[in-house]
Amino acid sequence: MLDPRILPYYDPAVERKIAVVTGGNTGIGWYTVLHLYLHGFVVYICGRNSHKISKAIQEILAEAKKRCHEDDDGSSPGAGPGPSIQRLGSLHYIHLDLTDLKCVERAALKILKLEDHIDVLVNNAGIMAVPLEMTKDGFEVQLQTNYISHFIFTMRLLPLLRHCRGRIISLSSIGHHLEFMYWKLSKTWDYKPNMLFTWFRYAMSKTALIQCTKMLAIKYPDVLCLSVHPGLVMNTNLFSYWTRLPIVGIFFWLLFQVVGFFFGVSNEQGSLASLKCALDPNLSVEKDNGKYFTTGGKESKSSYVSNNVDEAASTWIWTVHQLRDRGFDI
């Protein structure tokens with residue numbers, strides 16, 4: 001797998017590199033933030049719970065310091081120059097609730113006031129296979145959290161990304177393949193049993209995110225837009241709904257443990273695809289825009305549905321109209 005130490009390091013005293021990461025306080029996002037910080041980035045961690053993010057920041061600071069000392073001691077030799085205490089970035093918290101579009105706009109506005117450019121936007125946050133629920137904005141909760149809120153967040157921050165020819169990395173999932181034919185996003189799959197049809201809702205949201213990435217690459221060719229499947233990361237809060245179910249929760253816990261043992265990757269390994277897309281200098285808008293990467297940063301191909309440009313355009317148009325109907329101009 002990719003060793004992130006071979007990727008470029010920046011000196012924040014010389015060059016101010018800015019990254020924005022949604023859901024950066026746990027799991028894959030935590031390690032994405034850690035490595036961006038080690039590489040000299042000013043990182044804005046966007047999430048709902050200030051206490052959890054403050055705790056995550058302290059843990060990341062401690063882990064980064066530990067890794068810098070290990071690298072200095074030669075106990076953890078890498079292929080690249082390695083991190084340095086003198087070249088670490090900085091970490092900041094932005095309140096972001098993806099189930100509230102007005103909150104999403106406020107978060108973007110705050111960043112617009114704080115910075116004049118963004119080098120990397122990582123749309124990392126998401127939920128998976130939860131019960132059917134509608135948000136206050138009138139969208140199915142998985143669709144809004146995984147796709148629609150990230151759509152409007154990205155569009156609001158786009159001027160800062162275009163200012164420095166930045167990069168947009170959106171975390172999809174291999175689960176998007178469950179959308180085996182194009183479904184209108186207004187379809188909620190309100191059928192029983194939920195434990196079956198919730199996966200179709202999840203697949204729709206992750207397919208839409210890839211389609212959005214494809215359309216961004218077409219509409220804004222000066223920004224590198226990429227989508228990733230991080231790998232089968234089983235040690236994640238995404239599965240908490242299933243493992244906490246009465247009676248059958250223990251069955252799902254055992255199932256996820258077995259799948260993780262044979263096929264899974266760690267949270268840090270799951271962050272590698274995002275890190276490659278964010279930092280690899282060999283990626284360019286000319287040859288890589290709109291591509292899809294999988295575990296460890298390997299280039300791959302997403303589903304037929306997600307690659308269909310006409311259907312991607314339909315998803316884009318539907319999203320813009322839905323947001324305008326709710327008072328959000330795109």
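Each position is counted from 1, following the chain as shown.
Including glycine, each Cβ sits where the backbone N, Cα and C put it.
Lifted from Swiss-Prot, the feature list:
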type     : residues                                             : note
TRANSMEM : 27-47                                                : transmembrane segment
BINDING  : Ile28, Asp97, Asn124, Tyr202, Lys206, Val233, Asn237 : NADP(+) binding site
ACT_SITE : Ser172                                               : active site, proton donor
ACT_SITE : Tyr202                                               : active site, proton donor
ACT_SITE : Lys206                                               : active site, lowers pKa of active site Tyr
TRANSMEM : 245-265                                              : transmembrane segment
CARBOHYD : Asn282                                               : N-linked glycosylation site
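Between the CA atoms of Tyr202 (NADP(+) binding site) and the residue listed as 'N-linked glycosylation site' there is a gap of 32 Å, rounded to the nearest whole number. Nearest by CA distance to Ser172 (active site, proton donor), out of the binding-site residues Ile28, Asp97, Asn124, Lys206, Val233, is Lys206. Just so you know, the Cβ of Asn282 (N-linked glycosylation site) picks up 7 other Cβ atoms within 10 Å once every protein chain is counted. Asp97 (NADP(+) binding site) falls within neither a helix nor a strand when secondary structure is assigned with DSSP, and so counts as coil. When secondary structure is read from DSSP and collapsed to three states, Lys206 (NADP(+) binding site) falls in the helix class. Under the DSSP three-state reduction, Val233 (NADP(+) binding site) is assigned to strand.
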